[in-house]
Amino acid sequence: MTSMDFNSEFGSGEYGPISFTPTDARLTKSVEAELKLENSPTTNKPRKPLMHPSWYSNNNPNSVGSIGSQVSATLEDDSEIHEDVNHSVLNGDLPRLSITFNRHKYYSRLVEPTDNRLQIPNHVLPSSLFHIIPTTSTDKQSSLVTIFAIWNTMMGTSLLSMPWGLGQAGFTFGVVIIVLTGCLTLYTAYRVLQSKDFIDGEVFEFSDVCKFYLGRCGEWIAVIFALITFLGGMMVYWVLMSNFMYVTGIFIHNKTMPTNVSVFNSSVPDLLCPSGQPLPDNGSSLMALEYSKESDLFERVWNSKWTVPVFLAILVFPLLNFKSPTFFTKFNCLGTLSVFFLLALVTTKAVTWGWNFEFHLTTNSTDQYLPQFRPTFPALTGMLSLAFFLHNAVITIVKNNRHPENNVRDLGLGYLLAALTYLSVGILFYGSFPLPKSCIASNLLENLSTVDPFAAGARVFLLFQMMTVFPLLAYMYRVNALYALFHTAWPGRLHVICVNLSILLICVLVAMFYPHIGDIIRYSGALCGLVYIFCLPSVVYMLSRKQSGNLTVLDIIFHSTIIVLGVLNFIAQFIIQPSK
């Protein structure tokens, strides 16, 4: 089509002939014509609001008003935008719009309709086609939100095991270990947070830093042990969910059916001793052995070891196959509520029971004696390695902080809140527990009977909260594993189903044959802590200092000591024999 043909087809309309052939001479004429037209009067014709840079309509190619004929219906009622745009058109932008519009139509005829290479760029469009809508940015979060996000991320199943862990280490030495481990993990988390400043470009997670300094092997190590962390958390969650589901079923059965469970004359009838420790004959007796009097049929159908974990798998499996976990993220607030609920439960029980301990061993206070040190203390250090584990998520959590200069302060306050929460639950429950301290279970709720309504409410609440968190953990595990193997988070539904089934199989087997959450937490915590808390942050920091020429002998000694502590912590888990 020649330039003349183009003008004859599209016409000059109300503004005279204008050429649009893409040559310098033609463009010069176009600019001259545009300047001339800006001074010409516009005709008083009905106009349509230009609401959106919609390209054109084939109904009336000569009508400038047709530019706005294909627009989003959601903007048609915005009268302010219409007035602004039409005001700009009346002030002289209409001729310019016509030129730009017809030039675009000409260019678009040079290629296929589906080819966007000659689509007019947005920055070329007249400003009158756009309307700036003021909005408030929600991408950044305050320091308070960042602090509670750090605290809430660390609050997990370790909280239920803290009294048991304190008993394994001894009262005074256990408190010291919690403080020192919190300080050490805070330091290495700070090194992880600082490591993103050592390399150029955007850092999404610590594994990116490991890849920069240690190559592909370092990245794979970080990813694999992050997956082990997720898997360890899911196993603990499954054991707890199975227990909560089982005890909740017992509670409902006892309330709806006649029960033969008897309670002896007792000053603390709401307590149990799962370890089987013999109790003193002082009127503070135990409820009859938990559910031995239940009907045979109910026991066979509702069995904590063989049937409930399978029932839970059938219930949870459909929740694991969602492509996006958006629905479950809406229940994140339940994590904070469950922590406060558990704190309220422990505080209430401590006030009810009072303090029950003796610092000096006598013949009359054997059951209430609090040892200050026990050689099984590595059980607590292994647990705390998982309790204070934040290193694979700390960069993401603080990335959206509105004041990044406060990241270190917010990180420290988050760890301080976590340490205080662990100390509160551990000291209150351990110090006030009226039965022998050896009765304290690795899940403190196992010490509370099914007839205790407060404990029953805690189990139901935690069961629901964990059933919303477990799919998120499975999703993060699945995405990291599949992306590492196939470079995509969704290689196919079959791959996703296979990964989910393998997760459930592992969790169900653990709940059936090794339902000891204290051991699971300390083993997985010690292993992942060895790599992610003690080794990788120290190695990356020393390599960065070496590259900058600032590595000192003191740096090597201090960070090598941290690595040695991690190794000893891991080895010790296989040497000690803590109570279950």
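Using N, Cα and C of the backbone, Cβ positions are placed for all residues, glycine too.
Source: prediction; values computed, not measured.
Look at TrEMBL and you will find 1-22 (among others) tagged as region 'Disordered'.
According to TrEMBL, the compositional bias 'Polar residues' annotation covers 1-10 (among others).
Residues annotated as region 'Disordered' in TrEMBL: 36-68 (among others).
Residues or ranges marked as compositional bias 'Polar residues' in TrEMBL: 55-68 (among others).
Positions annotated as domain 'Amino acid transporter transmembrane' by TrEMBL: 142-254 (among others).
The transmembrane segment annotation in TrEMBL covers 170-190 (among others).
According to TrEMBL, the transmembrane segment annotation covers 220-240 (among others).
According to TrEMBL, the transmembrane segment annotation covers 306-322 (among others). Away from its own ends, the transmembrane segment (306-322) comes close to residues 238, 241-242, 245-246, 249, 300, 328, 467, 470-471, 474-475, 478, 493, 496-497, 500-501, 503-504, 507-508, 511-512 of its chain (Cβ-Cβ under 8 Å, at least six residues beyond either end).
The domain 'Amino acid transporter transmembrane' feature in TrEMBL is assigned to 326-573 (among others).
Cβ atoms under 8 Å from those of the transmembrane segment (334-355) belong to residues 148, 152, 155, 159-160, 268, 421, 424-425, 428-429, 431-434, 444, 448, 454-455, 458, 461-462, 464-465, 468-469 of the same chain, restricted to positions at least 6 beyond its ends. Summarising the annotation, TrEMBL assigns transmembrane segment to 334-355 (among others).
According to TrEMBL, the transmembrane segment annotation covers 375-398 (among others). When Cβ-Cβ distances below 8 Å are used as the criterion, the transmembrane segment (375-398) is approached by residues 146, 149-150, 153-154, 156, 158-159, 161-162, 165-166, 168-170, 173-174, 177-178, 181-182, 185-186, 188-189, 192-193, 196, 203-207, 222, 226, 229, 232-233, 404, 407, 410-411, 414-415, 418-419, 422, 518, 521-526, 528-530, 532-533, 536-537, 569-570, 572-573, 575-578 of the same chain, each at least six residues removed from its ends.
For 410-433 (among others), the entry in TrEMBL reads transmembrane segment. Counting residues 6+ beyond its ends, the transmembrane segment (410-433) has Cβ neighbours under 8 Å at 143, 146-151, 154-155, 158-159, 162-163, 165-167, 171, 174-175, 178-179, 182, 185-186, 189-190, 193, 339, 342-343, 346-347, 349-350, 353-357, 370, 384, 387-388, 390, 394, 398, 401, 439-440, 444, 447 in the same chain.
As annotated by TrEMBL, transmembrane segment applies to 453-473 (among others).
Under the heading transmembrane segment, TrEMBL lists 494-514 (among others).
The transmembrane segment annotation in TrEMBL covers 520-544 (among others).
Residues annotated as transmembrane segment in TrEMBL: 556-576 (among others).
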- Just give the helix, strand and coil counts over the domain 'Amino acid transporter transmembrane' (142-254), going by DSSP. 98 helix, 0 strand, 15 coil
